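Residues annotated as compositional bias 'Low complexity' in Swiss-Prot: 28-57, 64-76, 161-170, 237-247, 289-300. Annotation comment: Swiss-Prot describes 141-150, 391-404, 641-650 as compositional bias 'Polar residues'. The region 'Disordered' feature in Swiss-Prot is assigned to 1-258, 277-322, 342-419, 588-607, 619-662. What Swiss-Prot records for 1-227 is region 'N-terminal domain'. Taken from Swiss-Prot, the feature region 'Middle region' covers 228-559. Swiss-Prot lists 560-631 with the feature region 'C-terminal domain'. The region 'C-terminal peptide' annotation in Swiss-Prot covers 632-662 and is backed by similarity to another entry. For 8-27, the entry in Swiss-Prot reads repeat 'N-repeat 1'. Sequence annotations record features per position, and here Swiss-Prot assigns repeat 'N-repeat 2' to 58-72 based on similarity to another entry. The annotation repeat 'N-repeat 3' is assigned in Swiss-Prot to 147-168 on the grounds of similarity to another entry. Positions annotated as repeat 'M-repeat 1' by Swiss-Prot: 228-278. Positions annotated as repeat 'M-repeat 2' by Swiss-Prot: 288-338. Residues or ranges marked as repeat 'M-repeat 3' in Swiss-Prot: 388-436. Taken from Swiss-Prot, the feature repeat 'M-repeat 4' covers 446-491, and the record attributes it to similarity to another entry. For 496-550, the entry in Swiss-Prot reads repeat 'M-repeat 5'. Taken from Swiss-Prot, the feature repeat 'C-repeat 1' covers 564-572, and the record attributes it to similarity to another entry.
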Amino acid sequence: MSTSNAQSGRAAAIARRNAQVKGKGYTASAAPAAPRKPAAPVAEPVVAAAPAPSQPSRSRRKVSVAPTATPAASAAGREAAKLKRQQQKNGKSSAGAANAMPHPKAKAKQKPEEPIVEPRQAKAEKPTKRSERRTGVKPQVASQQPSGRLQSKAYRKAQAKGKAGQEAFKSNGSSQSGAKAKLANPDASTREIAQQVRAERCAQGKTCSTGGSRPMRKRRNAKEAPQKVGESQTLHGQSVSGTQVGQGEKKMTGSESGACQLVSGTEYLGAEEFSKNCDVQPTPQPAKVTQTQTTRGQVVSGSTKVGRSDKMTGNETGTCSAITGTEYLPADQSKMYCGETPAKSKATGFSVMSQATQKSEQKVTGGDSRKSQSTTFKPKNPASAPHKVMPSQTAKGNTTTGSQVGRLESVTGGERGSCHAVTGTGYQGAEEAKACDMPMTETADKVTASGTAGGQKVTGDRSGAYYGMTGAEAGDCKTITGTSYTGTEQFQFCSVDEQNEMKVRQRKGANPSISGVQPGPQGLTGAQKGACELVTGSHYQGGDQTAMVCDSTNAAAPGESDFPAMIGQAQPAFSTNEVEPMVDEGSKITGDGWDRGSKVTGTDGPWAAQRNASIRGVAGQSPMGASQYRPVNNEVPMSPITGSSGNTDTGAKVTLSGGARA
């Protein structure tokens, strides 16, 4: 066998393996095929006579190939495989470019063989190469593959990509028309694939159904199932929805007892129950909830019908009389029993509601009879109701809130004692005095406040002629040396001399008075030193003495610019003495290390003295305890009243300072 035959067999084996791996739709395009003639049919060599199939083998034996073509052919096969993989990776554009510019070594192999003229054929046509015939036939075979096989190939291809490929395969649908079209013709463009998918969907639908359905036998006696939720109307015309109860179509037994009887409670049977199963349709019971309309069109609903009725006696009184409050009687009552329509009362407000019985203009969907609109109109100037909580002011200016008491224009029955003053807490407002046309009587203050001569505020019950209290005039105009509790308003009942004396004897300022022998620079030698300097303790020098010795008129006061001030802002340093121990060191405690060592603390106190009472030291401490203070008695005071000046065991019972001896 020649080298060319071996190489062509090897190329055919490689192409066959590639077709098995990638499907029958794979096209062996390792080398660009030579252009065909349009008139040359592909199937012409197949129709030839019997000796025709052996003709190509003779032509291969006759053709001589140089020995140097074997490595070039193997390299061309590898290059063709690389080009094919590159085409599948890049798409159609790279495939077209690869076909346009084939490898130089591949061109050497693509030299057309010389045709052999057959004697039995009328026309000698140039036979095509084996690769060309294989290229032209394979797309036809691939197009004839069943859709199930292409579907399986597409699924295996997606499964080879992993989980992501499987999810993409499932999300794209079960038909996978695009994947099958790509497997059938790998060189097809996206436009051609889309056209094939649309054509397949037009022919078979999106679910790839063939259009033929399996014959199904029609069920015998097929009847509709009863409705789960039914709707009917009672004898009163009310809608009832839900599971229908009753005899129905004679499918339920045991419900014949009381089928044509009425119930006294809520009506739940439909009107068709009586029309189908009963000979006579009963009269419905009175409605549980009734609705009536007033003369102004307002709807009144409730379980009890108000007004006069033929079945109710005892309510004839006031049938034809009008009411001033809310109108609740029906409009037809006056026509039935009075023979005339009563006059409409003055409207203070009215509402417009759509009725439940309106069918044509009902705005509510779903079949429920609920109101669809509720609008309330109120007049512009409604009658003002009295305030529940109203503020007012008494004669003393105190504010009171709450329900107003007393005589008012809108309150009747409170005339007795309305214009009289009360002696207790004043709660009557100014509007009551206005109604009585008289000034308000001011009552006495329950708690008074006044000021003393020293500027202090005193509150509470006051005594004296000013406050209308008798028996407390003694000592009102006397000057006291203790705490002042009498207000300045009491001075107007004293004479001028008594007032002047009170002013002279009244202590002024916060400096205490100094009595006795006053030391000072007057008549005492050696006392001038430091007489004009400030002291930090108690003042013992009077102001007149200081003015006589020192020039106090020109002296600088604290806060002035020439007042001496400390230049440095450093804190004053204080000398501290060395701290001495309060308890002298005694003898050490014998025993288990109870000494004044560095490792044991707290053994020099009363606990150590209790353990060893014979060794107490120079100034031993006695143990603390409440039992030591038992023999000590508290000092009995002279009087149980404290905090007052002049508290002595002898003297008058009552002093001017306010202190009393019990």
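Note that Cβ sites are derived from N, Cα and C of the backbone, with glycine treated the same way.
Fair warning: this is a prediction, and the values are worked out from it, not measured in the lab.
Secondary structure by DSSP for the compositional bias 'Low complexity' (237-247): 0 helix, 4 strand, 7 coil. The helix, strand and coil residue counts that DSSP assigns across the compositional bias 'Low complexity' (289-300) are 0 helix, 6 strand, 6 coil. In terms of DSSP secondary structure, the compositional bias 'Polar residues' (391-404) contains 0 helix, 4 strand, 10 coil.
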